[in-house]
Every structure is written in structure tokens, then in C-alpha cells.
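Undergrad: So that we are looking at the same thing, I have put the structure below in C-alpha cells.
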Amino acid sequence: MTPEDQEETQPLLRPPGGSAPRGRRVFLAAFAAALGPLSFGFALGYSSPAIPSLRRAAPPAPHLDEDAASWFGAIVTLGAAAGGVLGGWLLDRAGRKLSLVLCALPFVAGFAVITAAQNLWMLLGGRLLTGLACGIASLVAPVYISEIAYPEVRGLLGSCVQLMVVTGILLAYLAGWVLEWRWLAVLGCVPPSFMLLLMCFMPETPRFLLSQHKHQEAMAAMQFLWGYAQGWEEPPLGAQHQDFHVAQLRRPGVYKPFIIGISLMAFQQLSGVNAVMFYAETIFEEAKFKDSSLASVVVGVIQVLFTATAALIMDRAGRRLLLTLSGVVMVFSTSAFGTYFKLTEGGPSNSSHVDLPALVSMEAADTNVGLAWLAVGSMCLFIAGFAVGWGPIPWLLMSEIFPLHVKGVATGVCVLTNWFMAFLVTKEFSSLMEVLRPYGAFWLASAFCIFGVLFTLACVPETKGKTLEQITAHFEGR
């Protein structure tokens, strides 16, 4: 066995006597890091209340037309894709802690530019900056938290990444009821500012420090996080932290988690989650909710409640079980969604443009209201199922399955895949509905959910209760 193999497969962080650490400061450090995902969620949710506010804005404030509003929402995903690449580069060179500190800067700068915006280009520039920060935070925060957490709480703390994302989205929706777009952007500066402040007092992850052979700093970090540092092993002296090389993809400990990580990110976006979110307000309108903006808040509350539930049971139920159950729920709910659109579809049209409100707004009011409640139930079931499994777990597994020496590149590729697929699905879903009709598009999403369940059962290992080094050893076949 080579020194590199020893480093990747033996526990770097082994407590004396095999006992589990019980330090409480690890929760403080995880909270500080999770303020990045909270900022990320707020940036994602910002566009929903801000776009109507900008459309109402009187000169000289910038005004959004339909095309500009589309870009105002979508440009975040492009910035985040770039942020994923940059975050992967920073992760191994600047370290986990400094990467989180640095990602706070484009968050604050982006919201500050939006606050001061006098034209469309400033708005888009600010959104691009916040998107860049979203990409970095979505990569670095899960890795930081997974590397400071001991196995007994890694699922709980790792799931808090997605919990903070959906909490940030919900906060943006709620604040949007009382704040105009400029003040909403000011509020967006608060979470990353707190993260910047708190992370200055948090340690670098012990695993990263040990991989750099900074023994004393690693011992100090362990003492801070877990309360003691005696008896923990340093990697063999011959094991040096190495950059990623393409030849390493021949190793099963590298290519297997690569395939799993990329596939999970792709299946997450192909599940139809963005389409369901996009049409939430239309569905609530058809169910006769007078204030359709209530849809956003209801969706946000469901996400928060069920993501919190997932966090609490993650280390007992396990990743595979929750992914499988989540996928099954999503299969049935997207199938029901497609059935709703099939039953409410209007007659033949000469127009090639799919106008969803027209498709679901026919004259048979009583019948349609009943069917709309079917859609509302299906939508809520889908969101609950997604929040329990396919929402948080791909991000959690991404932070667990890669060995240290490829983690920066590998997680960067996974995040890039996720954001690129999000952009592609969001932009092309309307075109897909023109070809397949809305019911066909959602039935296709249901098929992808089935493939996701089968992939989970066939390829995804259980990681609960294992050290990160034991997970790597599993992929290496040792």
C-alpha cells in the first residue's frame, strides 16, 4: 500500500480508545459555515418578491420588462456555475475556512450593487456576483461541515446546509411582503456579514491541516472543536497532499465517487423540481387562492419543515433509505402532476407556444377547482419528498465520498454539473412542454425520478456512521 493509499484509507482523526468526540463547538463552527448556504438561499429567493417590486418601481429606478425579468432570475445560475469552478480551485489552495471567508465578499458586494442600482446592468451585475458567491458557498460549506463533524452527527450537520438554503429562501419570501427591492437587498447583506465575522474565529478543518502536515494547527483545531486532541493520528510522513491528475481517474476510489456525485446532481435537477417551483403560483391561483404569493410561502414552509425532519433522522435512517423513499414519493407526485395537466388540457391550438395558465384555466370551474386541489396536493407531496431526500442528500454525499487529494476538483465538477443542469432545465422546460405538452414533460420528470431510485439502489453506498476515510476505503475495495 502506498503512502497516499494509507492517508486516504486509515482514519486521520481517531479518538483514543475508539470513543466518539462530544465537543459542542463543532455545532458553532457548523452554524457559522451554514450562514453561507443561508445567504445562498436568500439570493435564490430574492428574485421572487423583487421582480414584482421592480416592475412597480417608478423612474428613475430601473424597470424590468419580461425579458429582463427572465435574465434577472436566471443569471444567478450562470454565476453559480462559475463559482463552483472557482470554489473547487480555492478549496485545495486557500483551504476550507478561507474559501468561506472569501465567498462572503461577493455576497455583500452583489447585494450592495443591487441596492445602489440605477439601471438594468447594475441589477444584473449584482445578481451575477451573488450567483458567484452561491456557487462557492454551495461547494465549500458542505465540505467544511463534513470535515469538522464526527460520524455520529455528520448527517445532521450536513443536512443543515440544505435546511439553511430553504430557510434563506423562505426569509426572502416573507421579507418581500413588507420590504421593497432595495431594502430587501440591504437585508441580504446581513447573513454573509455575520458569516464573515464568525468564520474569523473558527478553525480550519483538522483533515485539511493534517493533509498539509500542519500538526500543531490540526491539534489546536481538534481541541477547539471536540474538546481534546490527544491520541489522534497524523498521516504518514511520506503522504504528501497532491494535486489532481487525470490519471487518478483510473483508481476506483476516484472514478466511482465521481460517477455517483455527478449522477446525483444531474438526477436532482432532472426530477422537475424547478418546474414545480416555477408553476406553484399558477396552481394556487387555480385552487382559488386569492393571494397567489401565498404559494411561495407555503412552498417555503413545507421545504423548511421536511428538510429539518430529514436532518433529524439522517444519521438513523441513512442516506440510501431516504433517497429511495424520497424518489418514490417524487415518482408518484410528478405522475399525478402530469395527470392533472392531461385532464385540464384545452382543445387543439394553432399556437406553438405553451401558455400554462391558458391550459389550466377552462370554463368548468367546479371541476377545475377540484382538479387544481389535486395539483396542489401533488405539488406539496413532491416538495415534501424532495426536501426529505433528493434536496439535501446529493450535497451531503458530495462532501463525504471524495478522497482529500481530489476533493477540490471533484466537488467543483459536481457543483458545475448541478448549476449547469439547473440553468438548462429552467431555460428549456418551456420548449420541452411545446414538444411534449405539459403532461408529457412532467411524466418525463417522473421517469427520471424512477431512474434516480434505481441508480440509488444499484450504485450509492450507505455512509452513515462511517469516517470519511472508511468511505474512501469502501470505494477502493479495502
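Heads up, the Cβ atoms here are built off N, Cα and C, so glycines get one too.
Below are the features listed in Swiss-Prot for this protein:
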- Q162, Q268, Q269, N274, W395: D-glucose binding site (BINDING)
- 1-20: region 'Disordered' (REGION)
- 1-25: topological domain 'Cytoplasmic' (TOPO_DOM)
- 47-70: topological domain 'Extracellular' (TOPO_DOM)
- 92-97: topological domain 'Cytoplasmic' (TOPO_DOM)
- 119-127: topological domain 'Extracellular' (TOPO_DOM)
- 149-158: topological domain 'Cytoplasmic' (TOPO_DOM)
- 204-257: topological domain 'Cytoplasmic' (TOPO_DOM)
- 279-293: topological domain 'Extracellular' (TOPO_DOM)
- 315-320: topological domain 'Cytoplasmic' (TOPO_DOM)
- 342-368: topological domain 'Extracellular' (TOPO_DOM)
- 390-405: topological domain 'Cytoplasmic' (TOPO_DOM)
- 427-439: topological domain 'Extracellular' (TOPO_DOM)
- 461-478: topological domain 'Cytoplasmic' (TOPO_DOM)
- 26-46: transmembrane segment (TRANSMEM)
- 71-91: transmembrane segment (TRANSMEM)
- 98-118: transmembrane segment (TRANSMEM)
- 128-148: transmembrane segment (TRANSMEM)
- 159-179: transmembrane segment (TRANSMEM)
- 183-203: transmembrane segment (TRANSMEM)
- 258-278: transmembrane segment (TRANSMEM)
- 294-314: transmembrane segment (TRANSMEM)
- 321-341: transmembrane segment (TRANSMEM)
- 369-389: transmembrane segment (TRANSMEM)
- 406-426: transmembrane segment (TRANSMEM)
- 440-460: transmembrane segment (TRANSMEM)
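Tell me about the setting of these features in this model.
TA: Classification of W395 (D-glucose binding site) by DSSP places it within a helix. For W395 (D-glucose binding site), the Cβ neighbour count at a 10 Å cut-off comes to 29, with all displayed protein chains included.
Residue counts for the topological domain 'Extracellular' (47-70) under DSSP (helix as H, G, I; strand as E, B; rest coil) come to 15 helix, 0 strand, 9 coil.
Residues 140, 143-144, 147, 199, 202-205, 208, 241, 243, 407-409 of the same chain lie 6+ residues outside the topological domain 'Cytoplasmic' (92-97) yet bring a C-beta within less than 8 angstroms of a C-beta in it.
Remote same-chain partners of the topological domain 'Extracellular' (119-127), defined as residues 6 or more beyond its termini with a Cβ less than 8 Å from a stretch Cβ, comprise 43, 47, 54, 62, 64, 68, 71-72, 75-76, 79, 110-113, 185.
Distant neighbours of the topological domain 'Cytoplasmic' (149-158): 13, 20-21, 26-27, 30, 142, 226, 311-312, 314-315, 319, 392, 395-396, 399-400, 464-467; these residues of the same chain sit at least 6 beyond its ends, with a Cβ under 8 Å from one of its Cβ atoms.
If one looks beyond the topological domain 'Cytoplasmic' (315-320) by at least 6 residues along the same chain, the residues whose Cβ comes under 8 Å of a Cβ in the stretch are 152-156, 393, 396-397, 456-457, 460-465.
Through the fold, the topological domain 'Cytoplasmic' (390-405) approaches residues 4, 7-8, 138, 142-143, 145-147, 154-155, 158-159, 161-163, 166, 207-208, 211, 241-244, 248, 253-254, 257-258, 260-261, 264-265, 267-268, 271, 273, 303, 307, 310-311, 314, 319, 322-323, 326-327, 330, 411, 414-415, 418, 452, 460-461, 463, 468, 471-472, 475 of its own chain, all at least 6 residues removed from its boundaries and within a Cβ separation under 8 Å.
Averaged over the topological domain 'Extracellular' (427-439), the predicted model has a pLDDT of 80.
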Undergrad: May I ask which of the stretches 26-46, 159-179, 369-389, 406-426 has the most CB pairs under 8 A with the transmembrane segment (98-118)?
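TA: Out of the listed stretches, 26-46 contacts the transmembrane segment (98-118) most.
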Undergrad: So which of 26-46, 258-278, 321-341, 406-426 is most in touch with the transmembrane segment (440-460), counting Cβ pairs under 8 Å?
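TA: Stretch with maximum Cβ contacts: 321-341.
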Undergrad: Out of Q162, N274, give me whichever of these binding-site residues has the highest number of other Cβ atoms within 10 Å.
TA: Q162
Undergrad: For the D-glucose binding site, please report the maximum Cα-Cα distance among Q162, Q268, Q269, N274, W395 in Å.
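TA: That value is 17 Å for the farthest Cα pair.
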Undergrad: Should the transmembrane segment (321-341) and the transmembrane segment (71-91) be scored as in contact, given a threshold of at least 3 Cβ pairs under 8 Å and pairs 6 or more apart?
TA: no
Undergrad: Just to be sure I understand, if DSSP states are collapsed into helix, strand and coil, how many residues of the topological domain 'Extracellular' (119-127) fall in each?
TA: 8 helix, 0 strand, 1 coil
